[in-house]
Amino acid sequence: MMLRYTVVQGGLGLLAVRRACVVSRFAHSAPQSEYRPIKKVMVANRGEIAIRVFRACTELGIRTVAVYSEQDTGQMHRQKADEAYLIGKGLPPVAAYLHIPDIIKVAKDNNVDAIHPGYGFLSERADFAQACADAGVMFVGPTPETVRKMGDKVEARALAISAGVPVVPGTDSPISSLQEAHAFAQTYGFPIIFKAAYGGGGRGMRVVKEYEELEENYQRAYSEALTAFGNGALFVEKFIEKPRHIEVQILGDKYGNVIHLYERDCSIQRRHQKVVEIAPAFQLDPHLRDRLHTDAVNLAKQVGYENAGTVEFLVDKHGKHYFIEVNSRLQVEHTVTEEITDVDLVHAQLHVCEGRSLPELSLKQNKIRVNGCAIQCRVTTEDPARGFQPDTGRIEVFRSGEGMGIRLDSASAFQGAVISPHYDSLLVKVIASGKDLPTAASKMSRALAEFRVRGVKTNIPFLQNVFANHQFLHSTVDTQFIDENQELFNLKPTQNRAQKLLHYLGHVMVNGPTTPIPVKAKPSSIDPVIPPVTMGATFDVAMRFLSECPWKRLQELRALIPNVPFQMLLRGANAVGYTNYPDNAVFKFCEVAKENGMDIFRVFDSLNYLPNMLLGMEAAGAAGGVVEAAISYTGDVSDPMRQKYSLEYYVKLADELVKAGTHILCIKDMAGLLKPESSKLLISALRDRFPDVPIHVHTHDTAGAGVAAMLACAEAGADVVDVAVDSMAGMTSQPSMGAMVACAKGTKLDTGIALEKVFDYSEYWEVARGLYAPFDCTATMKSGNADVYENEIPGGQYTNLHFQAHSMGLGNKFKEVKKAYAEANKLLGDLIKVTPSSKIVGDLAQFMVQNSLSRAEVEERADELSFPLSVVEFLQGYIGIPHGGFPEPLRSKVLKALPRIEGRPGASLPPMDFKALEEGLRAAHGDDITPEDVMSAAMYPKVFQEFKDFTANFGPVDCLSTRLFLDGPKIAEEFEVELERGKILHIKALALGDLNKAGQREVFFELNGQLRSVLVKDTVAMKEMKFHPKAQKSIKGQVGAPMPGKVLEVKVEVGSKVEKGQPLCVLSAMKMETVVNSPMAGTIKAVHVTADASLEGDDLILEIEE
């Protein structure tokens, strides 16, 4: 017999010979029955259960066959099998695995001896078991008749009653109408539960607590059952509230032998889906345990059950148990039973299917013992924070928790795996074993903490909360455990810092530096030779361009430099923004700034509007800060022909500020208009008028006369003048520090500073400046220019305007832009020009050049032009009232019927609700919101949101060097990044992939010796892949973009009636917003843009027809 068997098997090898020996050994002791050895097994399933069966088959020397759908071509289960075949071609993803003819055909064509159904799909379909039998293929499970009986919940219930097993009150057969469900509820009362008559797993199951919910839940349960099992039949039971869900694992053979392998507690459920399973059940009364085992075995014998199955019970709070159903298949949670009994259930299934008896397999009830405790967690790609919504995508990082006492059953858990939306969200089953529940739970907690899954969300943070729960660890739980412990949803966010940094670096490598102008300059590859020095930045720029929290930067500086006063600019009632804020917001900002280390508040207003300045001074003083009132300078006090901003004007304004209690008086010359003579006149007048008030002068060196002007100020009595270190000085920056120190040396103005120290300091910043080459004004400017005395463009605005002109395609027309700036200033009434007023003039100047408009044409056509939003809001009075009032009739023409603000803009605003703002931020971003975050959102809601979005995608990037932040690494470059003390990443940039169909490139890195990759959208390529039509000026009703930019808002839709001048949409570019108004009355025919769309000049926005 031995020889004959091995000849038949051919080349199955050593494992087959070993199995043949086993068969020979039991041949004389087995009961009489046909023995049909299995040589090839197909698994009519996918994922981890298919792999679980394949592994068991390989251990037994059985050849394996996989089937897969068109959507599963990349799945691991087809690679683990010896053979794999496509089924369900052209069918939907789930339908492919339900297509019995295809499965049977593959089995017959490939000489399959047996089909294992796994769980789900066809595993409890009697017609599938029958189809296998009709085809002469063994079904690894109960007989078709048993599957039918157990699959019919009503018949299974009747069998349980006949076997003396207690059942929950319910219908004797499937109900056929809503009226029957209503009648049952009237008899037994609510709550009741609908259950699918021909399937399980929580599908088609709905609890109804009151009459009003009956119809909706009936329809939903019917629909779910029909979709999942092909039959919508339902039956109704009385719902047992807060029960424990205990199931008993049974195993039977073809000879009437049935044993149990003890029980599992599956009470931790969400929407009737099991989340955590434990074997054996914790703190279960021994007598109740015996009754459960006995009833399960008796029921199985009643139906002649063979192979593996599970008998499920509910145990109420009084210790009474009720049969609910039999799952005539292998369960997802069979693993925990295997761990505590040391019985391989899949091995046993295959042997029983071959015709072996349980005694032959040494599976006798008196020999089955429980050894310790085992727990299973189902790690799924679901987001607990969003109602366990399934997540899909590519797994970028996968690192599992392993070690002693941990078993992992998975299929898609590997780096690069794509999680499909078509199937179950199970990623990996984690099974922990120990001597008791606390030991197993401890191992599970440790393993979950070791997991690193990036690219898709998982339920791991939720599971970690379960295993930290006191009730779970020390008491019993019921099926309401999750619903009654909402603290389980207080999820600790994962940091994911390393992968986020790789995403950022990849983004920069693919798309280049986040430079505000299209220049080819690259950051210097040379780092400064001394330790880096932290620089300051304007409040919004820290978030907008540096992607850092300005408050954190202030806190770090304060800790490093505890004994030097810090100064900040406060735009009066505008705080650190460009708009109006409620008064309490300005006061609160100053309070928070002072608490974080700010000392001196230089308060100014872009129009020198006194009410705005006084509010800022009061807020700074109330916070305990030193108040420095700053007068913004324009014009020329030495020119008798220019008298709007005369010496008398400045002295009178200084009088008001000193009366208001300023500690320091400042002249803020943002355009660098102070000449030596005007410096002498102005500062002498102020010094004479206020002999005891410190005077501070700030200027820019655009024209090149800054050093001379500041020396004149010092001679006239100024106490402090602002300078910049030599390597950062000149042009639109401040005058040279070295030059000032050298010129003052040996005079009464001697600073006492050694030039050598200035040179050392300058050398560092000369190298550091090279790192910021893409942002440097010298990328587009090569020298200063004395025409600033004519156009009066402030230094910072001069640079910004140059950048903006280049970004809008006007770089070759910058001379025209400067001339237009002077004309725009006159149009608006000759303004004090400091941010934001300088930006308003600049926006109007660019608008004029972009649309080839002269000053006269703007005045003439003001009632029909689509002016930049900043210009419109200025004329409405949003930033205050300019000296001399608003220009007329320009104002009336532009505003028409728009509302106007009289007096201080912020005075009419209601107080800001900081509590509501904080609650909204916590709801959006989690509980780690700080008071400083609240202030950032109060000042710049959109910028703060973008900053939080950036950090959510890329993490904190302040750990990167400047060059890496701006330009990314070079291919093959190796570098280190210190995330925090003791945590250093070793990174090497490896390669950039080709463009894929989605417009992405795969960027490859080596991180701590492991290969990592990220997919990055190529923004340039994606833009080239998209064609946007241009507006034809010859076609009436076509509205084009007046400037390049992004669409912020579309205010109309197709079919909307519009009037001439009505706002159509809002565009934004480089902080400049423009409302596009309708050039005519009519009806919207077509809209060609959506919010967030990027447009070029003249891109078609919409079409209007009369």
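A Cβ is built for glycine as well, from the same backbone N, Cα and C atoms used for every other residue.
Heads up, TrEMBL stuff is auto-annotated, nobody curated it.
TrEMBL lists Arg329 with the feature active site. For Arg329 (active site), the count of additional Cβ atoms within 10 Å of its Cβ stands at 28 [all protein chains shown].
According to TrEMBL, the ATP binding site annotation covers Lys153, Glu237, His272. Just so you know, the Cβ of His272 (ATP binding site) picks up 17 other Cβ atoms within 10 Å once every protein chain is counted.
What TrEMBL lists as substrate binding site is Arg571, Thr835. The number of other CB atoms found within 10 A of the CB of Arg571 (substrate binding site), across every protein chain shown, is 24.
In sequence order, Arg602, Phe604, Ala630, Ile631, Ser632, Tyr633, His698, Val834 are the residues of the chain that are 6 or more apart from Lys668 (Mn(2+) binding site) and have a CB within less than 8 Å of its CB. As annotated by TrEMBL, Mn(2+) binding site applies to Lys668, His698, His700.
Here TrEMBL flags 37-487 as domain 'Biotin carboxylation'.
The feature domain 'ATP-grasp' is assigned by TrEMBL to 157-354.
Per-residue confidence over the domain 'Pyruvate carboxyltransferase' (502-759) averages 91 (mean pLDDT, predicted model). According to TrEMBL, the domain 'Pyruvate carboxyltransferase' annotation covers 502-759.
According to TrEMBL, the domain 'Lipoyl-binding' annotation covers 1036-1105.
As annotated by TrEMBL, N6-carboxylysine applies to Lys668.
Per TrEMBL, the feature N6-biotinyllysine maps to Lys1071.
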Per-residue Cβ crowding (10 Å cut-off), top of binding-site residues Lys153, His700: His700
Integer Å distance between the CA atoms belonging to His700 (Mn(2+) binding site) and Thr835 (substrate binding site): 14
Cα-Cα distance, maximum over Lys153, Glu237, His272, record's ATP binders, Å: 17
Sorted by sequence, non-Lys668, His698, His700 residues with Cβ within 8 Å of centre, Mn(2+): Tyr633, Ile667, Asp669, Met670, Gly672, Val697, Thr699, Asp722, Gln734, Gly795
Residues flanking the ATP site, with Cβ no more than 8 Å from the Cβ centroid of Lys153, Glu237, His272 and excluding those residues themselves: Ile193, Phe194, Lys195, Ala196, Met205, Phe235, Ile324, Glu325
Residue among recorded positions Arg329, Arg571, His700 with Cα closest to the Cα of His272 (ATP binding site): Arg329
Neighbouring C-beta atoms (10 Å sphere around the C-beta of His698 (Mn(2+) binding site)): 22
Cβ packing number for Thr835 (substrate binding site), 10 Å threshold: 21
His700 (Mn(2+) binding site) versus recorded positions Glu237, Arg329, Arg571 - nearest by Cα: Arg571
Nearest of the binding-site residues (Lys153, Glu237, Arg571) to Arg329 (active site) - Cα to Cα: Lys153
Pairwise Cα distance for Arg571 (substrate binding site)/Glu237 (ATP binding site) [Å, integer]: 70
